[in-house]
Amino acid sequence: MAALTLRGVRELLKRVDLATVPRRHRYKKKWAATEPKFPAVRLALQNFDMTYSVQFGDLWPSIRVSLLSEQKYGALVNNFAAWDHVSAKLEQLSAKDFVNEAISHWELQSEGGQSAAPSPASWACSPNLRCFTFDRGDISRFPPARPGSLGVMEYYLMDAASLLPVLALGLQPGDIVLDLCAAPGGKTLALLQTGCCRNLAANDLSPSRIARLQKILHSYVPEEIRDGNQVRVTSWDGRKWGELEGDTYDRVLVDVPCTTDRHSLHEEENNIFKRSRKKERQILPVLQVQLLAAGLLATKPGGHVVYSTCSLSHLQNEYVVQGAIELLANQYSIQVQVEDLTHFRRVFMDTFCFFSSCQVGELVIPNLMANFGPMYFCKMRRLT
């Protein structure tokens, strides 16, 4: 019976006239109309292969395969939730608080006279900053964050290397702080976790990105802090901040728009390597210099600025720092000093892989055993 049924189906298919199928039900996907001929992710990889193979030499194949592999994350504990309970839950997953573990280890070394680097108090953002990661080589993933008993999310998943610029900023209690390019909001949230900001200005030019920032603040920060005088969210042109609020801030974070190297290899949406964004990409270093210069102008004499990107490119990293310092010296007679952050390599070497040949600043490079980054950061002090 089954054989007869199968034979009947075959005979029926032979008799079906496909021409009788209504045109609206027939569709042949036109590849050229639906997919770009040269996807932006492929253009990004071609660009990186040409430039980074020269910049990094024998290191590039390792960095390349890591960039193309799954990224590793850290869980930033929300101190506005029941942080001790949250920390205990993360410890049960065999994750470790890499910030406080590194600080404790560094303090023991300093007390034993094994290190000549600055004490943790001189560079650590705050002992209240807690971020959990899995050990090197452990590719476990954190479960999605959920609202806790206090009504805010318990932790924020982020590239743990993104916390290093905040740590490098060295916040002190009562600081007036500016996050010049704040969206989507991970570093802004980290700044608030320190408990050191008397006032925090969080700015971004893009309305859509500001909406993402507001969403994070609403999910993680209590209403009385979010809507009070402590946090101010603006959508101004960051390049003009030196004119708007010059000589105002104790600490400024300048996390500039960049080629977002890892994102550019995985996502077509909002990819800066799209052919239509070629000019925008070419002038990125100019924009970055302008933003860093504005951040330095907004800082009080004696204050500190940290410049950061999530790009490997020295054109967007060291060259921008040097260009902004020269610009301020020549046009404003303002002297800026780059601060040494080499101790960050030793303090956090168990968690991150650092590139050892930066001219100024520090660079976390992706590595299969510790697949964070890329993250470049450089600390400066405005002298005059």
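Just so it is clear, glycine is given a Cβ too, placed from its N, Cα and C backbone atoms.
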Among Ser119, Ser206, residue with annotation phosphoserine (source: Swiss-Prot): Ser206
Of Asp138, Asp255, Asp261, residue recorded by Swiss-Prot at the S-adenosyl-L-methionine site of Gly185, Gly186, Lys187, Asp204, Arg209, Asp237, Gly238: Asp255
Neighbour-count leader, CB within 10 A, binding-site residues: Lys187, Arg209: Lys187
Around the Cβ of Gly238 (S-adenosyl-L-methionine binding site), the count of other Cβ atoms that are within 10 Å: 26
Gly185 (S-adenosyl-L-methionine binding site), number of other Cβ atoms within 10 Å: 26
For Asp255 (S-adenosyl-L-methionine binding site): DSSP state (helix, strand, coil): strand
Intrachain C-beta neighbours of Asp204 (S-adenosyl-L-methionine binding site), sequence separation six or more, cut-off 8 angstroms: Cys181, Ala182, Ala183, Ile210, Leu213, Ser235, Gly238
